[in-house]
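Database features, via TrEMBL:
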COMPBIAS  315-329  compositional bias 'Polar residues'
DOMAIN    29-283  domain 'G-protein coupled receptors family 1 profile'
REGION    309-329  region 'Disordered'
TRANSMEM  14-39  transmembrane segment
TRANSMEM  51-81  transmembrane segment
TRANSMEM  101-122  transmembrane segment
TRANSMEM  134-156  transmembrane segment
TRANSMEM  183-207  transmembrane segment
TRANSMEM  230-252  transmembrane segment
TRANSMEM  264-282  transmembrane segment
Amino acid sequence: MNQTYIAQDINGPLLAAVFATEMVLALIANGVVLSITIYQRKSWKQSSTIFFTSLILAHLVLTLLYLPFNIIALAAGEWIFGSTDEEKRGFCSFISYTLWYSIPVITITLAAISFDRFLFIVKPHLHKRFMRPWVALTLTLAIWILSAVTTFTPFIEGSGAVFMYEGSHGTCTVVILELHFAIFSFVGSLLVVGIITVTSVWTFCFARKFIHNQSEIAGDHVYASRKKRLFGIFGAMLIVYGLCFTPGIINYVVVRAIVVADEIYLAVVISFIFVTVLSPIVQSYFRPEIKNKIVCICRKILQKPPQRDSVDYLGNSNNDSSGSKTETNQIRTSAQLTMSLDCVLNTEHLSTTVV
C-alpha cells in the first residue's frame, strides 16, 4: 500500500468514536427487528417480510464487516491489518468491497419493495397470484448475486476503479479513476431510481381509490392502512434513505468537477452509515408484527405484579389466611390474563400505513 497512515489533520479517535456509536445503535436496532422477525413465523408468508429482512441483512453486512475494521484503523492512526503491503492491500480491498457491495443491495431492494407495494395496492389480484414468498425469496437472492457480480469490477485491472486505503480519510474505500466507470454506475443508479419513482407516483395517484377498497380484504399487512393515509412505511423509508444518501449522491456528482474536502467526504460516510440505525427504527414502528411484539414486551417489563400484604394480624383465623391467598392468586391470574389479552387485542387496534 502506498499509504497506510491517517492524515495528521484527521482526528482518528473522534471519528472512531462516532462510527462506534453508530455501530452499537445499528446492532441493537437491526438485531431487535431481525430477532422478532425470525420469531414471528407467520409474517414470513408475506413477501414484504422477505424484502425488509433483506434490508436488515444488508445493514448488518455494513455494521459487522465494514465498520469494526475501520474503527480500529482510525483509533490506531493507520491500517494495521496485514503484515505485508500485499496483505494490507488485499484486506483493505475486501473491506471496501463490503461497502461497495451493500449500496446496490439496499437500493435495488428498495426498488423491489416499491414494485411489491405497487402490485399490492394497484394490482392486488396479481400480487396475490404471483408475489408468493418463494418468488420474493428468489428475487432477493437474485439481487444479492447481481450486486456481488457488478460490484466486483474494481478487482479487475483496467475496470476504471480500485479499492484502496485513503489516508486523507482514514478509511478503505473505492476510488473511481475512469469516466466510463462513473457513467456506468450513474446509469445503473438512474435505472433503480426510475423504477422507484414510477411505481411510487403510480401508486400515489391510484392510492385514494384503491386503498379504500383493498383495506377491508388486506387484513393486518404491512402495506395495508385502516386509516387510509397516503404516507406509511415506504414513504418514511424513502425519506430516511433520501436524507442519508443525498449527500453521497451530491458528492459523487461534484467530485468529478471539483476537489471535495476530506471533512465533507467523512460527513458523507457518517450520513450513509446512519441509515443502518434509522431504517430498522422505521420498520419497527410501521410493521405490525414488530410493533405489537415490542409493545407486549414493554408492557410485561413495566407491569408490576400485585404485592402481598407483609403485615399479619394475630387475630386472623386459618380460613381468613387461606382466603387471602386465594384472593391474591386470583388477582395475579386476572392481571396476567389482562396483559395477555391486551397483547392479543393490540394486533387488532394497531394500524399500519402504506404509501
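A Cβ is built for glycine as well, from the same backbone N, Cα and C atoms used for every other residue.
Remember, predicted model here, so these are calculated numbers, not experimental data.
Looking at which of 51-81, 101-122, 183-207, 230-252, 264-282 has the most CB pairs under 8 Å to the transmembrane segment (134-156), the answer is the stretch 101-122. The transmembrane segment (264-282) shares the most Cβ pairs under 8 Å with 230-252, out of the stretches 14-39, 51-81, 230-252. The highest tally of CB pairs under 8 A with the transmembrane segment (183-207), across 14-39, 51-81, 101-122, 230-252, is held by 101-122.
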